[in-house]
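Q: Could you have a look at this structure, given as structure tokens, before my questions?
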Amino acid sequence: MLTQQSISLLKSVEKISPDFFYFTSTSLLYRAALENVNHAKTKSVRNFFINLKNEKMIQDLNELNEVFSLIEQAPLSDTISEYSAVVIDNYIKRLLLACGDSLCLISCSKQLIEQKNITSIVSQLTKAYEILDEKDTQTLATILANLLVHLDTRKKISINSSILSGFTELDSITQGFKKSDLIILAGRPSMGKTAFAINITRYVINQKRSYVILFSLEMSTEQLLRRILAQECNLNGQKIQSGQLNNDEWQYVIQKSKTLANLNLYIDDSAKISTDTIKTKVKFFKLQGKNIELIIIDYLQLLQESRQSDNRSQELSLITRSLKILAKDLSLPILALSQLNRNLETRSDKRPLLSDLRESGCISKFNYLQTSLYNQLQILFNCYYKKIEVINFSAQKQQLFLAIKCSISKTGKKTVYKIITEAGKYIQLTSNHKLLTTQGWKRCDKINQNDMIAIQIKNFEEQKNVFNSFSSLTFESIQKINVTSLQIVFDLECKPLCNFISNNFIVHNSIEQDADLVIMLYRESYYTQETRSRDFTEVIIAKHRNGPTGTFQLKFNAQIAKFSDA
């Protein structure tokens, strides 16, 4: 049972990060103490000192005496919250002093002011603001009470607080974009992703009378405005671009331009923008009192990540994770446009799949899939282009489940890694496939011999397609990792948990896991000259975390790049 003092101590610890301390030595000691509290099996002072010694933080007797001296000076647990408040207050003051120093340096410098300098200062100020605005963890009773009040309010006013797109079928399936949702809009080039986003932008601004922020990394503000004008005036985009308009058309453009000038639309066409910069700009915009309803990013692959990665696919994973965190932090839906990889061009059926969102990880044809408690099927002989049921893992419920049918498709030849555990179990898969480890999902090319890999064991009982994972999973160390050769590999698409068991390993099937909603655009006339479907675009709801998926059609006017209900 946790005492009131223990709860107070835990709350204080949660609020303080190691970098809040001024002295590096104190920061390192606090980090070691956190490791002892959060990860050690036995929480003790002895383990704390063992960690210090292992990390080479204590070299001699004098340093050991210094640590003992700090422990003797430690405040009583009933005053810990006051001391933690002092630590936080001093850290914020140091942040503000650093901002002041930076402002003085920039102001006195003879060089031209660069945007990155201002962004850095605003970022530090935002960080200070967020620390002061930190929300405490709420009890389940409080959350439920707030939820019931919210539901009762919605019932009375009968208005959906979600952001509607203006497309009847899309809104029917999704019930609108929810706050903190990350929505991915994907398609091959020229499918109309930007036009689709502009359609939604115009509708949201008209309905909500709120701001939409559009970060355009591909087009300039002028190019985007020409597209918006074409949609607004129902005029051929080429005519507007060339300026070949008759008098009536020209007067109409001027009239519509006056309307557009008052739109609550903010366009940022900065190049090489990062998720951190987007966060800073949006928060700065909100501090000005602007009511923002939606953020649009065009497009995902052109975003930069502050933490550079050796692998672009890994970097995109970091970006999507950052965008999801940002959407939750801002309590705003983020619509991110995305390209699909060109592998789908080699398929006979070019209708996009979730695995086309990025270079999908694949497994060797010689691997086996766990399809039930005792049955395994080798991909090469049993699974080619078939749909089969497989066992997958729910991290939320900590259980293994018999999944719905998993689709398998051949993706050609790729270089394959072979990972072998100390117990002799092995699996062959491509570099960007993920495996479950003690540290969560890790890509094959990021796994090393210090990692522990999740392995399925056979001493569990099957009950209604659910297995108790505490007796069915173990973690094994890695003996070696080899790069083998080019092999025929296969891609698997498993819903809803996006993973499966192969050769007893828990394998992620590389589907974009951070998005709440994935919308894909497909137009048959892009690949064929079939006139019957030229004016129609298929909209595929490929993933919907909070509801059903589905497919419907929209009319697409290529002349003015505008979508409308079919």
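Glycine is treated like the rest: Cβ placed from N, Cα and C.
I grabbed these lines from Swiss-Prot:
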- 156-426: domain 'SF4 helicase' (DOMAIN)
- GLY187, ARG188, PRO189, SER190, MET191, GLY192, LYS193, THR194: ATP binding site (BINDING)
- 308-566: domain 'SF4 helicase' (DOMAIN)
Q: Mean pLDDT over the domain 'SF4 helicase' (156-426): what is the value?
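A: Across the domain 'SF4 helicase' (156-426), the average pLDDT comes out at 77.
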Q: My understanding is the cutoff is Cβ-Cβ under 8 Å with a sequence separation of 6 or more in the same chain; which residues meet that for LYS193 (ATP binding site)?
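A: Those within reach of LYS193 (ATP binding site), by Cβ under 8 Å and sequence separation of 6 or more, are LEU185, ALA186, GLY187, ASP298, TYR299, LEU337, SER338, LEU521.
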Q: Return the residues near PRO189 (ATP binding site) by Cβ distance under 8 Å, restricted to its own chain and a separation of at least 6 in sequence.
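A: The answer is GLN339.
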Q: For a quick check of packing: other C-beta atoms within 10 Å of the C-beta of MET191 (ATP binding site), how many?
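A: So the Cβ neighbour count for MET191 (ATP binding site) comes to 22.
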Q: Just going by other Cβ atoms within 10 Å, which of the binding-site residues SER190, THR194 has the emptiest spot?
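A: Each of the binding-site residues SER190, THR194 was scored by Cβ atoms within 10 Å; lowest is SER190.
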Q: Inside 8 A of the center formed by the CB atoms of GLY187, ARG188, PRO189, SER190, MET191, GLY192, LYS193, THR194, which other residues of the chain have their CB, for the recorded ATP site?
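A: Going along the sequence, the neighbours come out as LEU521.
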